[in-house]
Amino acid sequence: CTRVWIPDPDEVWRSAELTKDYKEGDKSLQLRLEDETILEYPIDVQRNQLPFLRNPDILVGENDLTALSYLHEPAVLHNLKVRFLESNHIYTYCGIVLVAINPYEQLPIYGQDVIYAYSGQNMGDMDPHIFAVAEEAYKQMARDEKNQSIIVSGESGAGKTVSAKYAMRYFATVGGSASETNIEEKVLASSPIMEAIGNAKTTRNDNSSRFGKYIQIGFDKRYHIIGANMRTYLLEKSRVVFQADDERNYHIFYQLCAAAGLPEFKELALTSAEDFFYTSQGGDTSIEGVDDAEDFEKTRQAFTLLGVRESHQISIFKIIASILHLGSVEIQAERDGDSCSISPQDEHLSNFCRLLGVEHSQMEHWLCHRKLVTTSETYVKTMSLQQVINARNALAKHIYAQLFSWIVEHINKALHTSLKQHSFIGVLDIYGFETFEVNSFEQFCINYANEKLQQQFNSHVFKLEQEEYMKEQIPWTLIDFYDNQPCIDLIEAKLGILDLLDEECKVPKGTDQNWAQKLYDRHSSSQHFQKPRMSNTAFIIIHFADKVEYLSDGFLEKNRDTVYEEQINILKASKFPLVADLFHDDKDPVPATTSGKGSSSKISVRSARPPMKASNKEHKKTVGHQFRTSLHLLMETLNATTPHYVRCIKPNDEKLPFHFDPKRAVQQLRACGVLETIRISAAGYPSRWAYHDFFNRYRVLVKKRELANTDKKAICRSVLENLIKDPDKFQFGRTKIFFRAGQVAYLEKLRADKFRTATIMIQKTVRGWLQKVKYRRLKGATLTLQRYCRGHLARRLAEHLRRTRAAVVLQKHYRMQRARQAYQRVRRAAVVIQAFTRAMFVRRTYRQVLMEHKATTIQKHVRGWMARRHFQRLRDAAIVIQCAFRMLKARRELKALRIEARSAEHLKRLNVGMENKVVQLQRKIDEQNKEFKTLSEQLSVTTSTYTMEVERLKKELAHYQQSPGEDPSLSLQEEVESLRTELQRAHSERKILEDAHSREKDELRKRVADLEQENALLKDEKEQLNNQILCQSKDEFAQNSVKENLLMKKELEEERSRYQNLVKEYSQLEQRYDNLRDEMTIIKQTPGHRRNPSNQSSLESDSNYPSISTSDIGDTEDALQQVEEIGLEKAAMDMTVFLKLQKRVRELEQERKKLQVQLEKREQQDSKKVQVEPPQTDIDLDPDADLAYNSLKRQELESENKKLKNDLNELRKAVADQAMQNNSSHGSPDSYSLLLNQLKLAHEELEVRKEEVLILRTQIVSADQRRLAGRNAEPNINARSSWPNSEKHVDQEDAIEAYHGVCQTNSKTEDWGYLNEDGELGLAYQGLKQVARLLEAQLQAQSLEHEEEVERLKSQLEALKEEMDKQQQTFCQTLLLSPEAQVEFGIQQEISRLTNENLDLKELVEKLEKNERKLKKQLKIYMKKAQDLEAAQALAQSERKRHELNRQVTVQRKEKDFQGMLEYHKEDEALLIRNLVTDLKPQMLSGAVPCLPAYILYMCIRHADYTNDDLKVHSLLTSTINGIKKVLKKHNDDFEMTSFWLSNTCRLLHCLKQYSGDEGFMTQNTAKQNEHCLKNFDLTEYRQVLSDLSIQIYQQLIKIAEGMLQPMIVSAMLENESIQGLSGVKPTGYRKRSSSMADGDNSYCLEAIIRQMNAFHTVMCDQGLDPEIILQVFKQLFYMINAVTLNNLLLRKDVCSWSTGMQLRYNISQLEEWLRGRNLHQSGAVQTMEPLIQAAQLLQLKKKTQEDAEAICSLCTSLSTQQIVKILNLYTPLNEFEERVTVAFIRTIQAQLQERNDPQQLLLDAKHMFPVVFPFNPSSLTMDSIHIPACLNLEFLNEV
């Protein structure tokens, strides 16, 4: 049936339904109202005005009013009402207008998450919102480079200010300033100030703006906010002096009174607001829910943020307080009535003058007098009481207006920018059309402004309609729309209302009545002007919205705005500068600025409020003229911009939340131009459908043969031509079909009829089938009943027969039982008699046998007692004899033992271990003393021998001189051969010692292994006992532990999230710092070029990267220089590292000074050597080579001796510790003998080594002296000032002293010339003397060591005794305990003992391993030095002999295995970083080992660690980290590059952990991998730096992936038709803004998302990213898919339907299947999709009954209450057969969900990022198995 709208006096429009078809000519309609009442509605036959048709229910609740098929006032009103009351949607589109209804309630739809959800979206894709309009303006500004305007209008209390505030907040968030000025915060901070000084409480609104403002927000070329400017219009000054009932003055007055108690405001002399006349006229001075003191604090903070000094703030508050005092001044009328006076003691006037700094007497006089100036003279005239009050009020209004203008000017200065403005967006918050019972000058100006704005709005809407038709190539027909230019001309044209008003103001005796009469005379013929019938002082103007009657009283006074000149002059003379500046009119207006660029946008922006005049003479411009000028300027600005309209509607006057008054709403809709937009749209083709949407919706109307055509446009054409016969009702555009009003409803009716016919057919068939099924069911039931009845009768007969037979059987058995019982009774009596008789006879026999047995027993015991007594007597006698004999023997043995105990041998046996050791040590000392005496004797013998040898050598020298032809080198060769023999013997002895050491070490390791095995067994036993104890309380403990574990996990996740957020913020700050540094570099560039130091370019690192704990900086000056280069900010950030470096620098300075002294000594010796050494000859080559060889061997022996000595000390200490442990546990003396043997072997080896060293030294000295003596005829002792090993430091200081003594003796042999000519004897004597000193010092050291050893052994013995005493005490205590306690105590003691032993053994093993590593390291270093020395000597010899060699000899190096280290030179580091990091492309390593750069970098680090080069490690790691950062900054949108470096950074981090030497990271290492561990450096701090870098790279990876996925999500998850046939079932006739639509089809399907994620997965897997990280990546991406999809679902009405729920569930199942296919289902990604899954289920569930509500509440646990209610409100039926969700059902859901403590946030945080964890993942590769491809260009790396 047809439904229509009819007028109603209460509800404006009422719905009704036709009960009888209408025929043309009928005078009335038969209607049935919604309350089932019948109404006969009359029709005007002449005008043929039928009621408006009602839209189908499927169209009710549309987002855009223009999508309605029938466009008229009742349809618009009903749609707004349904959306506001049922769905709680306050925003609705009406074409280009956003209609905003004030909910009078705070809604959670303005958060940051909502801003981000609307950012970047097209207008129309999301639900209507103020953010959508702001985004549209921002997007058009960026795309079209044209300035934009948002015009917000509406009645007072409709929400204009709040809407404008939210729009500015959106721009501040989306277009935040790029610099540090935070201009967006200042823009938002201007709102509290302007609300305080320009807003007040009215009867309609508690925070009503009593002025209009236009804020221009300026943007730069990157569309960041750079500044703003504000223009104000028509401040309501009369509110300062008058307020109606239940209204207030401006907020600032009440805020200042609320803060009057503050100390800084004592001088204002303020009290409560009720005490002042200007603030108490409205009655109640407070607003419910508003704290004036708190708001005042916000106002002061806003002043401070905008840069208003504290002194200026105090001055402002003084001026405001003075206005209050001025209003409370008491004026007393005189008796004559023509004059007034003010008491001199008036407190308020005194405060007024004091606060403004003016003369009290002058102000008192001129408040009550005025000056009249004529042509001839000047008069001073008194004023009446009313004139004085009017003058006082005018002065108060003028002061407040000037202060208002001053504050606006200073806000503009604070928001002004010196940067060039590229474009701007203006936000106009201006009053809407107003009509009251009494309308005056203010309403006239307001309605005049709205006329101008409506004209601009009409022309813009008309232009957009025209552009749309032209774009779609639709024939354009002129649409007649209302033009209000005649009404505007009536007001502003020549001799219009404003001109006549200004003219009347100039007339000296002008009155309001005269002006009204002129209006009647001039404009009575105008169609927009009328004269009221009952008044001669009022006039009526017919505005576009309504007729308004204005009362002319007060027009002239308000237009003149009269203030007396004398009062202003007093204020000008104020002693306060601010007060005086307010009233001087030499101020220039705000300088004009240009907005935007291009000729179209160059608009002069001036102050909207010209400076106020100070006197009547200077006030040449009236208020009306100023307002007209500023309004024209505003219209010029708006016409040069693209406007966007927001119309605010006040739903009721009582300020009730979500209460809709249709009368008030339709009144405002008519006034704000919404209905005019509807009328313009309805005049053309309001309904527009894309061909694809039309085909999907109405394909049911297409015939089967037409579907064969593949061209959808052709199908649509043929269908419409067949269905709609009038061709004017539709037009075919280029991309859309255009329909006249009502045609979509007609098509919907045809579609519904088609469905209804099909439904009837289906119902008919189904009902027939149901009846057949019912008949078959009844027939089968009848047959079944018959069968069961017959069976029942047969069973009843059988039961009777069976019961009869059973009765006979029962009788038989009963009779048999009675007979049997009688027989049994007789039988039992006979048996009893027999039993008693037999028992009597048996008892008699038993008594007789018992008496005989007792007699036998008595006889046996008596005989036994007699025999035992005899035996005991004999045994006692034997024992007495034995005791006497044994006592005699024991006394003899005791005597012998006493004799033996007194002997020394017994004592020795008791202390055999210690005594033997002491004796051996004493014997050793005696032997060494003997050896010393022997050596002393040998020294004397040697002295005599050397004397004889000198004599012999002299003879031989003479002989050699006589026979020069003989070869002198034979004796030297023999001596060299003997030395070689000695060296070979030393080598063999060294091998023997090494073998012995290795055997002992193996034995120790085996012993340690056995003890560890035993300890492990005991640990297992202990674990078993613990498990048995814990099993009893396992359940409770498990529950507690699970809870604690969950809490700990949660805390860990929160801590990790906070830490990673800090890392993220740090990376952002670091990026920001880099950008600022680049800008500073650009700014500071000069024509000259300043080069940075090279160390800065190579070693500079981020301040947060700590250095390794070795020498990083050479000295303090370099550190200071580096701090200066890096900058004070970075230095402050790294102060802890800097303090560490200072300490290290001081140590290094001391070490450098020592080395410098040694270097100077060496340079002096080398210089002496160079000066004295003669030219070499060919004969000298062979002895020099032998000498170098001998010195090299001696160095090797000394180094080996030092190593063996250190090894021996460590071994001695280890064996002593083990011996002490063994003695404490077992008391065995074997370890003592082992210790003595080790000591003995060590001392023997030491003596042998000493002898070898002494022999070699003496032989080298003698050989050197003989060679020099043979070469030089005259004595030249200084030829060899130092030996090759003279600077080699040995461990013992005595050896160093002896050696340097020999060197000094060498250099001073000239003083020994008195002994002999050559000085040989003196040299020998000095050498032997130093050797004797050396031996003496060594013997003393040995004796001290032996004494210390004896003392240590004694202390060990005492400790063992104490331990034994303790054990005995423990044993005694144990014996007193019970057996169970003894066992438990013993187990505890054993466990504690074994634990201590285990700990000691572990410490011992660690010490041994540490010592072993140390020895190996030293051995490698010494071997390397020896090799270098050999190579250098070989090179020197080859250079000397190259003239004698006849052929080249090549020395081939023996090939060695690759050790997994890469060596490079320091200067190649930059090339390494460039080839391996900066210029590396992931494609170059497609076939190589994953994470190859990380392995290469670790091998380079390992070599630097091997060479102990800490600077190289620090530089390489720092350069690597900086290089990675540079690459990521350059490729900040490349997923493959970011994933590549995330995998390499993680692998490098894993390598540093795996090869760090920490046992926790080495559990999965092979023996070969353990060889590749770092030896010298602990890089824990760098591991933390790499971990932070990994977090930053991970966050960048997620950001890139989200940026690639986000454009696809909404289209693929919500819009794409993944299941064919479900979409297109709802009419979506909304016309999207053509300016919002981007060119091209941006639709995506689910396969696109899956393909993209496949690409992500393939890239990460190919690059070797850890699987755990891949899981976390996809968990984060799935959360983002869930958040974006759910947020769009919550903000879009068109997708909240049953079909979308089906599509969502299908899409989610596809994503889950993809996760399972990639083995990613364990990542937790599906759990993150749970809210979206529940939302999809919610869309498909039934939503009618109480049970449905309970099911929804139990199912949707992951959705918040607000989200559930929002989805239910947005739910849209698929078609007209489906019912909407009722308001009652939604209220039921809300009542059941009240107990939930859900967050107030509606949308999910799409930017939330889960904390990432990088689990340790060791590599199975060994470093020596890695091959470096040639494509990396790393030929300069050498494999070690």
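Glycine is treated like the rest: Cβ placed from N, Cα and C.
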**OP:** Kindly point out the range from 401-423, 631-653, 1252-1274, 1574-1596 that TrEMBL annotates with region 'Actin-binding'.
**Re:** 631-653
**OP:** Quickly jot the same-chain residues contacting the region 'Actin-binding' (631-653) by Cβ under 8 Å, restricted to those at least six beyond its ends, or write none.
**Re:** 80, 84, 94, 96-104, 130, 133, 136-137, 140, 144, 146-155, 157-160, 163, 167, 204, 214, 231, 233, 426, 428, 432, 448-449, 452-453, 456-457, 460, 595-596, 600-601, 603-606, 608, 659-661, 664-665, 668-669, 672-674
Original post:
Including all protein chains shown, what's the count of other C-beta atoms within 10 A of the C-beta of Glu155 (ATP binding site)?
Top reply: 25
Original post:
Excluding Gly154, Glu155, Ser156, Gly157, Ala158, Gly159, Lys160, Thr161 themselves, which residues in that chain have a Cβ inside 8 Å of the centre of the Cβ atoms defining the ATP site?
Top reply: Asn102, Asn205, Ser208, Ser209, Gly432, Cys648, Lys650
Subject >> Mean of the pLDDT scores, which run from 0 to 100, over the domain 'Myosin motor' (60-752) >> reply: 83
Original post:
Does Gly159 (ATP binding site) have same-chain partners at least 6 apart in sequence with Cβ under 8 Å from its own Cβ, and which are they?
Top reply: Ala100, Asn102, Cys648, Lys650
Original post:
Counting only residues 6+ apart in the same chain, whose Cβ is under 8 Å from the Cβ of Gly154 (ATP binding site)?
Top reply: Ala100, Lys160, Gly432, Arg647, Cys648, Ile649, Lys650, Gln668, Cys672
**OP:** Taking the Cβ of Ala158 (ATP binding site) as the reference point, list residues of the same chain whose Cβ is under 8 angstroms away and which are at least six residues distant in sequence.
**Re:** Ala100, Asn102, Gly432, Cys648, Ile649, Lys650, Gln668
Original post:
So, by DSSP, how many helix, strand and coil residues make up the region 'Actin-binding' (631-653)?
Top reply: 9 helix, 8 strand, 6 coil
**OP:** Tell me the residue counts in helix, strand and coil for the domain 'Myosin N-terminal SH3-like' (1-51), as DSSP assigns them.
**Re:** 0 helix, 26 strand, 25 coil
**OP:** Tally every other Cβ atom lying within 10 Å of the Cβ atom of Thr161 (ATP binding site).
**Re:** 23
**OP:** Compile a sequence-ordered list of residues in the same chain as Gly157 (ATP binding site), six or more apart from it, whose Cβ lies below 8 A from its Cβ; state 'none' when nothing qualifies.
**Re:** Asn102, Thr202, Arg204, Asn205, Ser208, Lys650, Lys655
Original post:
Counting only residues 6+ apart in the same chain, whose Cβ is under 8 Å from the Cβ of Ser156 (ATP binding site)?
Top reply: Thr202, Arg204, Asn205, Ser208, Ser209, Tyr431, Gly432, Glu434
